[in-house]
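Colleague: This is the structure I want to talk about, given as structure tokens.
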Amino acid sequence: MTFFADQPVSAPAPRPRRRAPRSVVVGWVLLVLGVVGTLVVGMTPAPYVIERPGPVFDTLGSQKVDGKATPLISIDGAKTYETSGQLDLLTVNILGSREQRLNWVDIALAWFDPAEAVVPLESIYPEGVSDKQVDEQSAVEMQNSQQEAIAAALRSLDYDVRGSVKVAGVEKGSPADGKLKADDVVVSADGTAVGDLDALRELISKHADGTPVSLVVRRSGVERTIDVVPAVAKAADGSDTVAVGVYTSIDYAFPIDVELKLDKVGGPSAGMMFALGIVDKLTPGEMTGGEHIAGTGTIDAAGEVGAIGGIRQKMYGAQRAGATFFLAPKSNCDEVVGHVPSGLTVYSVGTLKQAETAVEAIASGKGRAALPTCGG
């Protein structure tokens, strides 16, 4: 019997390993380090905040308050009239704060959206001012703007309106700390009677040289003279301002009851649109003619319309809400030109009367070509 043995099979010789060139290894290391570095830098807190379009409110309409539809403008003591169309006020949402910083990834994404703006943190939240203080000041500004809007609207309709400036609060460590108190009524400054906030600010601004401003205030029914040396401080928009360190409000004696309701919104920029809404409700006929009109601008009791922040974001907010016409403060025109969203026609106004004229021209369809625009 013959036995056959398996022939031994020789194992293949191992292939020599080839090392990657040093340049390739270095390249991969640098790539990984670059990615990690980018991620680290991207998540680093940035000294910027983002402005983007916020909620839109129709001053002729209502909003939900505690689950109930509540008119933005309620009037008692005078005949009111039916309205149509919309008179929208615009808001801006601020993303980020000194206490809740955004990272560079957030900032980079915002750069590519024309409806958003990247602005220095300091311009919204000045150094040494807490987020809470900024919010409190913003709430006071809204309250004041509403009072100014009512006064401007009623005066434009020939109502007799008188006002007084009241201390709403005092900043700790400010020049007024320990001298002025909440609920003090400012009667005069340097011997000049004070009936509105602009007059008081102008008188205080003359003391940037460190000299005291002489204030007569009424406290608990008794008038007293108090000297305060103003200081140069940062305003909410980051600019320098001469101030004594108080939050002020304006108290007007209105001949009729006008109540404005707008929850969780601060700042003074809704003033003009509130004033237009009041005028529309107190005037026979439908001022808008059914048109959808939006706008923005501060207003004082004399009816002067002032500049606001975030106008580009507000134009985009108006466009997205369906408005076809937009009223902009003429002092904001340099920010408007070249940035108007498609489908939106912008007219510039400097006073409440000009705003009323613009709305009436838009409503009738006549005279629109004669209305001033930011382009000329």
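Note: Cβ is positioned from N, Cα and C throughout, glycine not excepted.
Remember, it's a predicted structure, so these values are computed and weren't measured experimentally.
These came from TrEMBL, pasted as-is:
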- S269: active site (ACT_SITE)
- K314: active site (ACT_SITE)
- 139-221: domain 'PDZ' (DOMAIN)
- 265-362: domain 'Lon proteolytic' (DOMAIN)
- 24-43: transmembrane segment (TRANSMEM)
Colleague: Same chain only, sequence gap of 6 or more: which residues have a CB within under 8 Å of the CB of S269 (active site)?
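Modeller: In sequence order, L89, L90, S145, T296, G297, T298, I308, G309, G310, K314 meet the Cβ cut-off.
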Colleague: What average pLDDT is reported by the model for the domain 'Lon proteolytic' (265-362)?
Modeller: 97
Colleague: List the helix, strand and coil residue totals of the domain 'Lon proteolytic' (265-362) as derived from DSSP.
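Modeller: Helix/strand/coil tally for the domain 'Lon proteolytic' (265-362): 41 helix, 20 strand, 37 coil.
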Colleague: Counting by DSSP secondary structure, give me helix, strand and coil numbers for the domain 'PDZ' (139-221).
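Modeller: The breakdown for the domain 'PDZ' (139-221) reads 27 helix, 23 strand, 33 coil.
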